[in-house]
Each structure stands twice: as structure tokens, then as C-alpha cells.
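This report concerns only the one structure given below.
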Amino acid sequence: METQRASLCLGRWSLWLLLLALVVPSASAQALSYREAVLRAVDRLNEQSSEANLYRLLELDQPPKADEDPGTPKPVSFTVKETVCPRPTRQPPELCDFKENGRVKQCVGTVTLDQIKDPLDITCNEVQGVRGGRLCYCRGWICFCVGRG
């Protein structure tokens, strides 16, 4: 009788531990990776664009230092390039080829890794040219160059 009671108690604890194990990963699964957050920003850029073709991620700058809070805005910098896919097709940009001589845009701003909050603040400017193998864009009198070179 005593062993039945102990077995029943152990079974309850096992059940609680199993439920806890199922709940904890699902809570952390709501956090995006830095790359996923940027890809979501590219999707938003394509949704809000009035241009004929979709843009696809071309280059992603280094992520900022790790921050434990997925809701804290993270600085982001990336480059997108025009693809051959027309915007109305709603095809995932990752499946589209880059357009030869397509437009290139440098994007900067902030993203969050929280799937629920999702505030984005991204500004993209068309790259003005190539200097020594690096993409350059200008805002007023100031030019920024990114990439290798």
C-alpha cells in the first residue's frame, strides 16, 4: 500500500516535470534569431513598397552583442537587392534570383527579436555607386560605404 502511494506521488511529479518541459521551450520559441528578425524586416519592406519587384537580403552586417531581452530594440544594418520576381506574385524573396543591375538599398534601424511585440524602425536608401568593391550610399553630403574592399 505504501509503495502504491509512493509510486502515485512519483507519477504526479513526473507529470509536472513533463508539463514544465513542454511549456518552457514554447515560451523561448517566441524569440526570433537576429537573421529571422531581419528577414521579417525585408518582408515588411516588400509589403510597404510601391516598386514593381521584390527585394531580397544581399548582405547582413554583424549582429549586436547578445541581449537577454528579446523585446529590446536591436540596432540592425543590412543591404537588399532587387529581384526578378514581381511584387504581386507574393513569392518568398529567398526563392527569387537577383535582377541583373537591380537596385541596391542599404537599410539601417532597429528590430526586436520578440515575435509578439514586433516593432520595426527601418530606413532604406538606394546605394549610389560602387567604390573599390564596396557599396556606397549618400544622405545629403555624407556618404557611407559598406562591404569588403
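A Cβ is built for glycine as well, from the same backbone N, Cα and C atoms used for every other residue.
Taken from Swiss-Prot, the feature signal peptide covers 1-29, and the record attributes it to sequence analysis.
The region 'Disordered' annotation in Swiss-Prot covers 61-80.
Classification of Cys85 (disulfide bond) by DSSP places it within a strand. As annotated by Swiss-Prot, disulfide bond applies to Cys85-Cys96 (among others).
In the three-state DSSP scheme, Cys107 (disulfide bond) is classed as strand. In the structure as shown, the Cβ atom of Cys107 (disulfide bond) sits within 10 Å of 21 other Cβ atoms. Here Swiss-Prot flags Cys107-Cys124 (among others) as disulfide bond, drawing on experimental evidence.
Summarising the annotation, Swiss-Prot assigns disulfide bond to Cys136-Cys145 (among others) and lists similarity to another entry as the type of evidence.
Here Swiss-Prot flags Cys138-Cys143 (among others) as disulfide bond.
Taken from Swiss-Prot, the feature arginine amide covers Arg148, and the record attributes it to similarity to another entry.
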Let's see if you can do this one: DSSP helix, strand and coil counts over the region 'Disordered' (61-80), in that order.
0 helix, 7 strand, 13 coil
CB within-chain contacts under 8 A for Cys124 (disulfide bond), separation at least 6:
Leu45, Val80, Lys105, Gln106, Cys107
If you count Cβ atoms within 10 Å of each one, which of the disulfide-bonded residues Cys85, Cys96 comes out on top?
Cys85
